[in-house]
Amino acid sequence: MSGNNESRLILALDVYERERALKIAEQTAEYLWAIKVNWPLIIGSGLGIVTELKDATGLPIIADLKLADIPNTNRLIASRVFEAGADYIIAHGFVGSDSVRAVMELGKTIIVVEMSHPGAKEFIQPATDKLVELANRLEPFGVIAPATRPERVAYIRSRLNSEVKILTPGVGAQGGKAGEVLKAGADYIIVGRSIYASENPRESARRLYEETMEV
Ligand code: BMP
């Protein structure tokens, strides 16, 4: 099954089990632009799941490792994850440009500039302007911004180079609304529980996909 290049929906596949992950990925692939793999799935199923998901769906895979280490360690981790077939890696920007560059030298990178949870207001949000400046300087594929705060997405969009994409988690379970955040300037929405924990993941993905197409 192959994915949908027109789609603006990214599935956050935060389950532990390999079989379950592959089943949900195959059921929903038609409506997705990409699949985001985070630590729960890598810890539960091993890094090989990246290759398997790619083979099973043909979709781009985003490895959401939120790398936040010194350049050498970021490089050691990122090289194996890109080798496994990841198309994008998410890295934190607050560790500094050298750490982010170490990832960017190996493949397409997405930088966190603001997060979606309430605690993001404590440390990350006060640093967002600087993180956006970092993204403007390094020109990664994209940045992560909060779907829970569309006004912040609009603000980030107004300061960010237009070629840099905005990917927004926080739709559904965390309270964000797909239409609102896309109207605010997001390029993609990232959705986990509202799809994978629903009774019918395929139908939930289809509904979200339709919603994004109406914007
Ligand atoms: P859910 O739709 O179930 O809330 O999942 C959101 C996904 O996006 C999770 O994988 C989470 O780790 C990730 N995420 C987030 O929720 N907020 C952020 O600011 C950054 C994230 O990567």
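Glycine residues also receive a Cβ, built from the backbone N, Cα and C atoms like all the rest.
TrEMBL annotations: computationally assigned, not manually curated.
Record features, source TrEMBL:
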type     : residues                                      : note
DOMAIN   : 8-208                                         : domain 'Orotidine 5'-phosphate decarboxylase'
BINDING  : Asp14, Lys36, 64-73, Ser116, 169-179, 192-193 : substrate binding site
ACT_SITE : Asp64                                         : active site, for OMPdecase activity
ACT_SITE : Lys66                                         : active site, for OMPdecase activity
ACT_SITE : Lys66                                         : active site, proton donor
ACT_SITE : Asp69                                         : active site, for OMPdecase activity
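Asp14 (substrate binding site) falls within neither a helix nor a strand when secondary structure is assigned with DSSP, and so counts as coil. In this structure, the recorded positions that sit close to ligand 1, with a C-beta under 6 angstroms from any of its atoms, are Asp64, Ser116, chosen from Asp64, Asp69, Ile70, Ser116, Gly176. When the Cα atoms are compared, Asp14 (substrate binding site) and Asp64 (active site, for OMPdecase activity) turn out to be 10 Å apart. Counting in whole angstrom, Gly192 (substrate binding site) lies 26 from Asp69 (active site, for OMPdecase activity) by their C-alpha atoms. The two recorded residues, Ile70 (substrate binding site) and Asp64 (active site, for OMPdecase activity), have Cα atoms 17 Å apart.
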